[in-house]
Every structure is written in structure tokens, then in C-alpha cells.
Amino acid sequence: MMQPTPAPSSAPGSPQRTQAEPEMETPSYPQPPQNVGTAPFSVLVKLFEKLATERKQERRRKLLDAWFRHWRREKGFDLYPVLRLLLPQKDRDRAVYGLKEKNLAKTYIKLIPLGMRDPDAIRLLNWKKPTERDKSSGDFPQVLCEVVSKRSSVIEGTLTIDELNEILDDIAKNMGKSDVQSKILRRIYNNSTADEQRWIIRIILKDMNISVKETTVFAVFHPDAQDLYNTCSDLKKVAWELWDPSRRLNAKDKEIQIFHAFAPMLCKRPTRKIEETVKAMGGSKFIIEEKLDGERMQLHKRGNEYFYCSRKGKDYTYLYGKHIGAGSLTPFIDSAFDSRIDDIILDGEMLVWDPVSERNLPFGTLKTAALDRSKKENNPRPCFKVFDLLYLNGMSLLDKTVKFRKNNLRHCIKPIPGRIEFVEEYQGETANDIRKRMEQVMENRGEGLVIKHPKAKYILNGRNTDWIKVKPEYMDNMGETVDVLVVAGNYGSGKRGGGVSTLICAVMDDRRPDSDDEPKYSSFVRIGTGLSFADYVWVRSKPWKVWDPKNPPEFLQTAKKGQEDKGDVYLEPEDSFILKVKAAEITPSDQYHMGFTMRFPRALAIRDDLSIADCMTATEVFESLKSERKRKMEDDAGITTKKRKTTVKKVALLPEYSGPNLKKVAVKTDIFNGMKFVVFSDPKSRTGEADKKELMKTIHANGGTCSQIVNKNSEAIVIYGGSITPYDLKLVIDKGIHDVIKPSWITDSVTLGEPAPFKKKYFFHATEERKYADEYNEDDGEEEGAVPSADEQERDVKSGTVEPGSETEDEDEEQAPEIKEEQDGELHEWLKVDDRKSPALPAHDEEDSVTEDDSDNADVADEEEPDLDDWFQVKGETEDEGAGALATASRHRETTPDVDGDVKMGESEEAMDYDPDVIFKHLCFYLDSPANAQRHGMATRPKYEAAITKSFEEVEKLIKDNGGKIVDLDEPKLTHVVLDKRDDSRRVELMKRTSKPRRRHLVLSDYIEACIDEGTLLDEEEFAP
């Protein structure tokens, strides 16, 4: 058995070993199946175009499945040549081409050829520059296609898929050799059409824009493809290991392997309140780790060999060293490993440690430090911070708990300060434990915290509530920070013209039933500030589609009135991205489907590290509102100062939360005397609300009473006549207290003149207690043609007899129309979709395989469904008037304490948005000048006092010229504290003094100039002192 190499007795710079150096093993692949030929690249282009324009997700899956099936039938079972072109970003064999837009533009100008003053040459070189006339600006492949189409004489392309792969391999092999690459690209130019070249360039740039996620491609290719890719990050291995769709992997095949990059577990995005994070831990003690500002790294070691790779599978062994005689890290950490270790895999964060200042340096300095071969003791150096042990001596530890893995980790490694260390961790039990650690992190300019459940398993590529990150902005009441999905956009004008300049964002509507085919999104907010010019170039390169008011996107729910959430263009969810948005507060609005929007919203960052699955949900919006309302009530209860006398306006509820006026409905019988009912409308019915009101009138006319809410301890009978289970009804059913009866019971009771027996046929959902009642079991079952109950729907879905989301055959046919356009015979066969059967896909959505919660603590960590009864509370059981969410929000807005209260941001109560032309309007700044510091009893440094004073005079002018206000430290409307980097000694003191009632932004004075230069408000975190 190979033993680890002993620690070197001499310095790392001494002569290296003379024995043969171990070579990193090349991946082993199974023998690929043999194809009988290839296919024209043109048929793959047709698939790309179909996928890019098809609006229905299920239809895209069927198109992909039909294409794959035809390839297997006609060409063979080796789909690797196709997968490389569908998922170029996952192709490790062609990791880098060394060709970006600028190089491609110059190459094409030469090979077309174009004169340097030719308008099209200028257009290629300035493809990013937006203009009113050029709507394709920002999308280089499209610009190139338009330029080539004017000059290319190729009517029909002759390249095959195999030939294109050979060409791309040649380009990758000749990276850095522009002349050779230019000759190779000429083959593409001479043998493919302009449209085909557009897609080839997209493949080279690894930015396909085909509205299909990798998870969809993997799920259609093979049910186990995603799981296997998570363990190896190797597209070729997935293609050749799983070429047979009928062959399934066993559990061992899905385990991680030494020297194979895997997709690591990720943190779930921050919850709205720290208390929610604690609740997600299920009452258990939890582990608190500091979130580090480095690069996620996995370290593999077997004997003398080392392997380092990033979260996305990039090999960094060349930097850190594959043995003790190479690299900037391995020579210094080899002695840290216990001699009993044969092989091991660690998960951690690679940082830069500066031994002079004794602190970690910013992430941007990592590569410089890693490349430093000087080995000088005082130079910054890589330091690997380990937080997990995943593999040990041939055994995978993924199914072991965090606590088990951490305990064993400390027996495997002896830390070497500044080289390899453990992440600092603490035990927590309450929200205050987290706040205490967060205060320390903020004072030390840290990133945040990670909270881990001690019983959590390690889920490859998973993101669940076992690991939750907590960031400072989610605990300090600095306003609302959300992650929303960009769904539409409006074109700008003037200096913001030339493309999309305002983004319309939405949240995922999780109130809808789980059985819906595709997720729906509810419009929530529009953003017009916060993004830089470079951000807008990227945003405008997205595959925007024209918004048709008569046929709006099906996935997006918008307000019935108003134009605030209607765009000029829109993005399919698969092509879109998550935007981190910060605002002063969430406020009522009838201009968005949510019924709420954000006040003073601005973009903080494009979250390219998040997927659309990380989008905020409607329930989280309501929970945030409830939390904020509770906070305000607690603040109000603690205020002893006199409040201004105010009149609370009577606010009408939204229609869906209100009932009919029953005062004028006469009571005719006492059939339902003493009985209370809550009637739910059918969201799928156009007359749902009207039917609900008529049913309530019938109940009232026959002696019953109606309520708008289901109280926890109420004996109310719930009435519902729909075919699906709306989210609010699901919350009621999940409590297991209330039966859900069909409206037919009401009508039959009225016909009988007395309450009808509670037979099974009348139930949409029956409680466990009800199912044992004699009356319930008198009936044999549902009548012919009746709507299945919620329980039966759930059984059918689980057993596979009904596909989740399906309703009727007619609707299925509507949702998957035939391909009507004419195609030649051969091409038609490639895209022929059999609408009678779905692709052979897993029963769950493709995202489930990477996020399924199979942890030991699943039974305790599941968060209880939020109780939203408060949002539907009305004053009288049979009256229209009440106090719902809108009323509550309005009351808090109108009742304002004189002092120490919750002060609204903005120059007026009515102001809602920033002014893009006067960027600091509505903001208030305190300048930490020497004079102001002394006036507030804080010490100053005299060395730069004069220069700092002069600098702040210039900053003050810039702020005022751009609409901002200069205020004192105790101004309630204070938003920003500005410091000078030459003297930030008062940072912690200013942080403490301005933390109530909510924290303010502390920024360096550079922030002011940077915002003015970009013409927008930037993220304050980038300028924190």
C-alpha cells in the first residue's frame, strides 16, 4: 500500500526528489457505442431555433426527446457529439478556445474581408454599443449573422456534426495561434450559412440562449444523467456511461470518486429573518461558520498525488501543486495529513493570507498569490480553509452527518497556520447566538455566516435548508433585499436609449397547486437604477422576445389594470437571470399582480451564481410583510412618546379577499342554522368569484353564517368546487382539522330541506377522523364524471396514473399543438413530436435530483407552512368591510410617531422611485469630517485633517448637485455615512451610533464619484470602509 510522503526535512526550495514524479491518471471511460454515421449540422440548427422560439417548457422537452430518439434510431446510441454542441459550457475537452467577441470580430473582418472603415467592420468591433437603430446590439452572434448574410454565397451548409466537432477541436488545440485559428474559421465561413455560423459562434462563446437548462437536457438524455454529472463533472463520461436509456445506475455509481471533480453542496439563500433560519434547524443546536471571501475549492489526495479543482470543475492543480515538489501550496501542507491516510477528499475555501498584516486579503488577489514562486516568507500566500471531509480511505462520507464528518476531519489534519486551517465554527441555539457572531463579522468586515444542521448529509449540487447563509443586510433592518426574476423590460429613451433600460421583475407564485405543469410568476417590481453600463450590455444581449399585448407570456401573471408591469419585450424564465434588489420597504400597489411592490427599488447585482429556482416566492413576500408588521407593532408598543392623532381610513379589501354584502339577503329557512362556512373560489373558473358569492348568499338565506377565514380552532365547514388544490386551500388541508366539501352538498341539502348526509361523494378532502365515520362510508365512491378529490389526485400522481399538472385530454392537446409549418421530409422526422406520450423522464422535475432533502433531519427541519390567516381577516363575518393586508399596511403608513419611530425614506410619502437623472435625490448623507467628528465627541487623526476637510467639501458639493441632502448624525432620515479612507478609525463607533432604528450604509467617499461616473446608484458593499 502506498504511504503518504513524510514531511520534507529541508525547506521547500531545496533540490527536488529524484524519483519519477507521479502522473495524474487520465479519466477512464467505457467503450462508446458505435454510430453508423453522423447528421448534417443544419438539422441541429433547426432544433436550436425551435427550442429558442418555443414558449412552452414541456414542448421544448418533447422536441429535444424527439430529436434524441431519431438520432438513436438513425445514427446510433453515441450522443456525445451532440451533447458537446448542446452544452458547450460543460465540455471539458474543449475548455478554452481563446476566442472572445473582439478576436472573432477582427478575424471575420479579415476573412470576409472588410475594410476597417466599412460600417459593418465598425459594427462588429463595436457590437456592444447600443443605438436606436440597431436592436441586435449587445448580441455578437446576431450582429455577426447579419453582417455575414449580406456577403455569404452559401445557400445550404455542408458541415456535418462530426466535422464541426473536429473543427472546434482544432480551434481549441491552437489556442493563442491567431493565424492558424483564422484558417480554421475560414472553413466554417466557406461551408456554412449565416444562420449556422451564428450558432457556431454561440457554441464557441459557450452562450447558447436556447431556453433550455442543462438539467432539462440531462433529464431528457437519461434519468440518471444529472446525478452522474454531479459526481464527475465529465460530459463524456455521462454520454458514454449512460448511452443506453434503459440502464439505470446503482447507488455506488452515484458516489464521488478520487481525482474526479464533483458538484459541491451549496448554501440555501438567506431567509427573511434570522428567526426563520433558526426555525429551519428544527429546534436543534446548530453549527455557525463564517462565510469566507475566497474561492470554493475541493482538494483530492491519494498517496503523494494531489488534485485541486473549483466549484465548477476547473482544474487548479497546476497552481497549487500535484506533489510536494510543485505548486504554491502542496509543498507546505503535505505534513499536515495523518500518516494513516491513504486517500482523502476535502471541501473548503481557498483564501489569500498576508503574514505581514496577519489578515486575509481580498478574493481578487488569489491568483497572483498562487502564481508566486518566490517562496518568500512574508509574501501573501494561498491558505486552504477546510470545512468538510467527504471521502476517506476508499469510503464516501456523503451520507454521514455534518457532525460526524467534522469530528473525523479534525483527526485527519493538523492545521498549519497560514497554509491549511479549519474554518472557525461555533455552536448556536438561538437567534441571538447568530446575531452575536454577526456583529463580530461586521466589525471585522466579514462576508456573513453559514448555519448548518449537525445532522445534515452532503447533497451533491444540492441547496436545501440544511445549509443556510446569513448576510448582514438580512438582519439589520436596512430595508428589503430580495432575489427576483427578470421577466420583461422596457426600452429607454435619450441617453438611456438603444435597448432595454428598465427591468420588470417577478416572484414565483407558490400559492398555485403543485400539479401545475409549469411555474407561474407574479409581477412585483420594476427596476430602473443600479446597473452599470457593462451590466446593461450583458442584459441587452439576452434573447428578448417582443411582448404581444393580445398574447402575453403564459408564465407571467400581471395586474388587470395599469401598465407598470407590461413590457416592450420579455424573457423566457430559462433565458432569464436573478437580480438582487434592495428597496426601502414593500408597499401596497394595484399595478402589480402581487398587489404589492417595492418602494425605492434598485438593483444591487446580477446574481449569476443563482438559478431561477432561487427566485423569491409569493409566500416569502407575505411572510416578509407579516414580519415587518410585527416589528412595527413591537416598536410602537415600546414607544412612550406621544403620537400625532390620526384618522385611520377605511380601506377596501382586494376583491378576492372580500365577500358579498349579505345584509339585504333575507333568511328563508333554518337548514344550516348554527353552522359556519368558509367558501373558496375556483381559480381555474372564469366565474369563480361570482359562483362563490352566490353560494354564500344561498348559505345565508338558509340560516348559515359565512366567514372569510378558517380559524385554527374553528369548526367551520370549508366549501370548494374546483378540480385543483389552490395554495391557500392546501394550507387549510395540511392542518388536518377541516373537511373540504363540494358545493353539491349545499344544493342537495337545500333540495332535501335538511342537511344532507356527509357521504363520500360530497368530499373534496376528508380528514382522517371523517374517514372513519359511518355516513362517509355509506357511499361507494365518486359518481361517474365527478371531479376527483384532492386525496385521489395526490394518489394518482404518486402512482403515476395521472401526470402532475394534467387536467383533461383536450387541454393537453391544446397545450401541445402539432408543428404546422412545412418541413422537408427528412427534417420533419427529426422534429416529429408524438403528443400522445411524454418523454421518458423522471417523475419529478429535473431540479429535484439536485435539491431533494434526504437528510437525517428532514423530519425536524421541515418548516411549518406559514399561517396566512391574518392576511384574510375581515371585521364582520358577513360584511364587506374589514382590515386585510392592505389596510394594515396603510395604517402603519399613516400613523407616524413624532420621534424615534419608523421614519419613511424619501422626500415625500408619495415618492416611490429614484430619479435616474438626479441619482442622490431622496438620500441623506452624513460626512465624517474631522469637524463633525469632534463635534460629536469622537477622536480624529491630525495627520491628514486639512486634506480630508477639503476633500469632504468637494464631496458635499457633488452630493448636493446630484439631488442629495447633507444631514447630521442623529437625523432620522439618514441613509449614508461617508468616511474618508485616510481616516476610518471611527468606523465601528459610527456603526454603533447609527444602528437604530435601522442600520445605515457606511461608505468611503469614492462611492459618490463612482455613482456619478456610472450614472446610477451602485452597491454600497463594494465601497464599505
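Even glycines carry a Cβ here, placed using N, Cα and C.
Pulled from Swiss-Prot, these are the features on record:
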- K291: active site, N6-AMP-lysine intermediate (ACT_SITE)
- E447: Mg(2+) 2 binding site (BINDING)
- 775-785: compositional bias 'Acidic residues' (COMPBIAS)
- 806-816: compositional bias 'Acidic residues' (COMPBIAS)
- 817-838: compositional bias 'Basic and acidic residues' (COMPBIAS)
- 845-870: compositional bias 'Acidic residues' (COMPBIAS)
- 891-904: compositional bias 'Basic and acidic residues' (COMPBIAS)
- 667-763: domain 'BRCT 1' (DOMAIN)
- 915-1025: domain 'BRCT 2' (DOMAIN)
- 1-36: region 'Disordered' (REGION)
- 773-904: region 'Disordered' (REGION)
Predicted model, mean pLDDT over the domain 'BRCT 1' (667-763): 84
Helix, strand and coil residues within the domain 'BRCT 1' (667-763) as assigned by DSSP: 35 helix, 15 strand, 47 coil
Cα-Cα distance linking K291 (active site, N6-AMP-lysine intermediate) and the residue listed as 'Mg(2+) 2 binding site', given in Å to the nearest integer: 6
DSSP residue counts for the domain 'BRCT 2' (915-1025), split into helix, strand and coil: 46 helix, 18 strand, 47 coil
Which same-chain residues, if any, lie at least 6 apart from the residue listed as 'active site, N6-AMP-lysine intermediate' yet have Cβ under 8 Å of it: C267, G446, E447, G448, L449, V450, K469, V470, K471
For the residue listed as 'Mg(2+) 2 binding site', the number of other Cβ atoms found within 10 Å of its own Cβ: 16
